[in-house]
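Working notes, structure below.
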Amino acid sequence: MTQARTDDTATPAKAPDHTYDVVVVGAGPVGENVADRARAAGLSAAIVESELVGGECSYWACMPSKALLGPVLAQADARGLPGLERMTGGPLDSGAVLARRDSFASDWKDDSQAEWVDSTGTVLHRGHGRLAGERRVTVTAEDGRVTTLAARHAVALCTGTSAALPDLPGMAGARPWTSREATSAEEVPGRLAVVGGGVVGAEMATAWQGLGAQVTLLVRGGGLLSGMEPFAGELVAESLRAAGADVRTGVSVTALSRDACGVTLTLDDGSTLQADEVLFATGRRPRTGDLGLDTVGLAPGDWLTVDDTLRVTGSDWLYAVGDCNHRALLTHQGKYQARIAGSVIAARAQGRPLDTGRWGADSATADHDAVPQVVFTDPEATSVGLTLAQAEEAGHRVRAVDQDLAGVAGAALHRDGYRGRARMVVDLDREILLGVTFVGPGVGELLQSATIAVAGEVPVARLWHAVPSYPTISEVWLRLLEAYRG
Ligand SMILES: Cc1cc2nc3c(=O)[nH]c(=O)nc-3n(C[C@H](O)[C@H](O)[C@H](O)COP(=O)(O)OP(=O)(O)OC[C@H]3O[C@@H](n4cnc5c(N)ncnc54)[C@H](O)[C@@H]3O)c2cc1C
Ligand SMILES: NC(=O)c1ccc[n+]([C@@H]2O[C@H](COP(=O)([O-])OP(=O)(O)OC[C@H]3O[C@@H](n4cnc5c(N)ncnc54)[C@H](O)[C@@H]3O)[C@@H](O)[C@H]2O)c1
């Protein structure tokens with residue numbers, strides 16, 4: 001199927017300017033992949049982008065944050081290896097780190113990603129996309145010109161999220177950082193207050209403390225990384241404190257203000273905190289507020305609820321893929337959804353049957369049962385599937401098996417004074433793993449082994465035959481299985 005332009009003599013107010021099989025709104029990692037998969041299956045596709053092709057992930061999230069964190073984690077590893085003191089004794093060269101970060105953010109230019117979109121045969125429309133009723137999208141360009149696109153088969157909303165800031169007195173005047181400033185700042189602040197103990201808060205506190213800022217991390221709950229096993233947040237907090245950060249739990253910001261000396265935060269214990277910058281890492285909200293959702297009977301500003309084929313509840317043509325559907329706010333998981341959505345849209349358009357059963361090719365089953373995540377703190381905190389508490393809450397009969405990673409030869413070799421822990425959550429009725437957590441330096445690359453075990457529902461008895469190499473950190477698998485077998 002190819003792109004069809006409408007007759008130039010058609011009435012502009014009613015007829016679309018362009019018609020495609022699929023129209024994708026948002027060219028982040030997810031939108032790019034929906035369009036690519038639909039094209040690969042033989043459909044014509046257009047993609048609409050209001051900022052940079054590549055989305056949040058490429059310019060203000062995954063890539064720049066990991067470029068900032070890489071040298072910090074490498075230095076922490078090197079400091080645990082006798083013989084490297086002369087190379088690692090001093091502070092990081094923050095200028096060099098920031099310059100490398102800039103290059104990983106492509107200097108905030110999207111030429112190469114736009115070229116890639118072009119190479120897939122997807123047509124890029126630059127401007128703000130809005131639904132204008134069923135299967136219609138208007139694109140408002142920077143100069144105000146409006147183009148109307150029609151979709152024969154599907155519209156896929158892939159508009160991601162933006163930072164959610166609490167409504168506090170003095171917020172606007174304090175000019176707080178969000179994740180965008182935290183990943184693109186051109187200088188290391190002297191004193192940085194970070195509000196929020198989730199993934200962004202923990203990673204950015206690690207990065208900027210490592211780059212020379214004096215970080216104060218303010219967490220309103222009892223600990224960091226509350227979505228993971230409790231020991232993950234405990235180990236990360238312990239390490240941040242050892243690196244010199246001030247980590248405070250059970251504390252909330254009630255107001256803030258900025259003057260020539262910086263930002264003053266008022267805390268709920270009555271005290272104040274001075275900083276040069278304050279980062280609010282307090283979660284995300286969907287970019288659905290100005291998307292024309294009201295024209296198709298949906299509430300503007302809401303997360304979009306979808307089924308396992310990524311189709312919006314109650315619609316036969318509207319899809320929502322990636323962060324904006326709130327299933328798993330992760331690039332890799334959004335791209336997994338995108339591969340499914342692109343091929344499902346094509347199958348429905350071409351009248352092919354779908355395989356939507358659990359773990360079927362056309363069902364995003366992993367969103368429920370096997371979401372992997374690596375938090376790039378020191379130590380790295382990684383998990384897939386359910387925590388013990390989540391498994392129990394879901395009604396499974398489970399047993400948690402724990403191991404101290406310091407006792408594994410590969411971990412001890414990785415860094416002196418290694419601190420880390422592993423847990424597997426075993427479903428006692430099926431003898432498979434429901435979840436695995438590894439926390440420790442260098443465990444990020446281990447997570448895929450756990451993801452395969454969880455998504456593959458590999459029986460524990462068979463895992464016994466997956467022998468880890470000696471002396472790697474992966475040997476923790478053997479220790480966990482030995483402990484389980486008693
Ligand atoms: C600091 C930070 C670090 C992160 N690190 C990681 C990590 O290490 N690993 C990981 O897996 N995930 C990470 N994430 C999460 C990851 O960034 C998101 O899951 C991912 O970007 C979601 O992709 P998406 O395509 O759904 O949305 P986005 O990347 O947000 O892309 C959406 C695109 O849609 C465009 N858009 C929005 N509305 C419109 C409109 N109306 N018209 C036209 N275009 C529109 C936007 O401009 C944007 O380009 C991180 C997030 C943050 C904030
Ligand atoms: N390495 C990675 O995989 C990675 C890195 C960064 C972000 N991400 C993704 O991006 C998403 C967003 O991350 P995030 O850290 O912004 O959100 P989050 O939901 O993980 O954490 C937000 C934290 O802020 C706290 N909070 C909310 N309102 C608050 C308030 N008013 N005052 C104090 N604390 C408040 C919450 O209790 C929570 O702990 C996450 O879902 C994560 O998956 C992933």
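Every residue, even glycine, has its Cβ placed from backbone N, Cα and C.
Please treat TrEMBL annotations as automatic predictions, because they have not gone through curation.
Copied over from TrEMBL, here are the features:
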BINDING   LYS66, GLY129, ASP323  FAD binding site
BINDING   GLY196, GLY197, GLY198, VAL199, VAL200, GLY201, ALA202, GLU203, GLY283  NAD(+) binding site
DISULFID  CYS57-CYS62  disulfide bond
DOMAIN    20-338  domain 'FAD/NAD(P)-binding'
DOMAIN    371-477  domain 'Pyridine nucleotide-disulphide oxidoreductase dimerisation'
Segment-level pLDDT (mean, integer) for the domain 'Pyridine nucleotide-disulphide oxidoreductase dimerisation' (371-477):
98
Given the binding-site residues GLY129, GLY196, VAL200, GLY283, ASP323, which one's Cα is the least distant from that of CYS62 (disulfide bond)?
VAL200
Determine, using Cα-Cα distances only, which of these recorded positions is closest to GLY129 (FAD binding site): CYS57, GLY196, GLY198, ALA202, GLY283.
CYS57
For the domain 'Pyridine nucleotide-disulphide oxidoreductase dimerisation' (371-477), the DSSP helix/strand/coil residue counts are 36 helix, 33 strand, 38 coil
Taking just the CA atoms, what is the gap between GLY283 (NAD(+) binding site) and ASP323 (FAD binding site) in Å?
12
Report the recorded positions (CYS57, GLY129, ALA202, GLY283, ASP323) that meet this criterion: Cβ distance to the nearest atom of ligand 2 under 6 Å. Use sequence order and write none if nothing qualifies.
GLY283
What are the sequence-distant neighbours of LYS66 (FAD binding site), meaning same chain, six or more residues apart, C-beta distance under 8 angstroms?
PHE104, PHE376
Among LYS66, GLY129, ASP323, the record's FAD-binding residues, the widest C-alpha separation in angstrom comes to 30
Distance, ASP323 (FAD binding site) to GLY196 (NAD(+) binding site) (CA atoms, angstrom)
19
Given VAL200 (NAD(+) binding site) and CYS57 (disulfide bond), what distance in Å do their CA atoms have, once rounded to a whole number?
13
If one measures from the C-alpha of ALA202 (NAD(+) binding site) to the C-alpha of ASP323 (FAD binding site), what distance in angstrom results, rounded to a whole number?
20
If you measure every Cα to Cα distance among GLY196, GLY197, GLY198, VAL199, VAL200, GLY201, ALA202, GLU203, GLY283, the residues said to bind NAD(+), what is the biggest one in Å?
13
Whole-number Å distance between the CA of CYS57 (disulfide bond) and the CA of ASP323 (FAD binding site)?
11
Whose Cβ lies within 8 Å of the mean position of the Cβ atoms of GLY196, GLY197, GLY198, VAL199, VAL200, GLY201, ALA202, GLU203, GLY283, the NAD(+) site, other than those residues?
VAL194, MET204, LEU224, LEU225, ALA281
Which is it, of CYS57, CYS62, VAL200, ALA202: the one of these recorded positions whose Cβ has the most other Cβ atoms within 10 Å?
ALA202
DSSP output for VAL200 (NAD(+) binding site) maps to helix
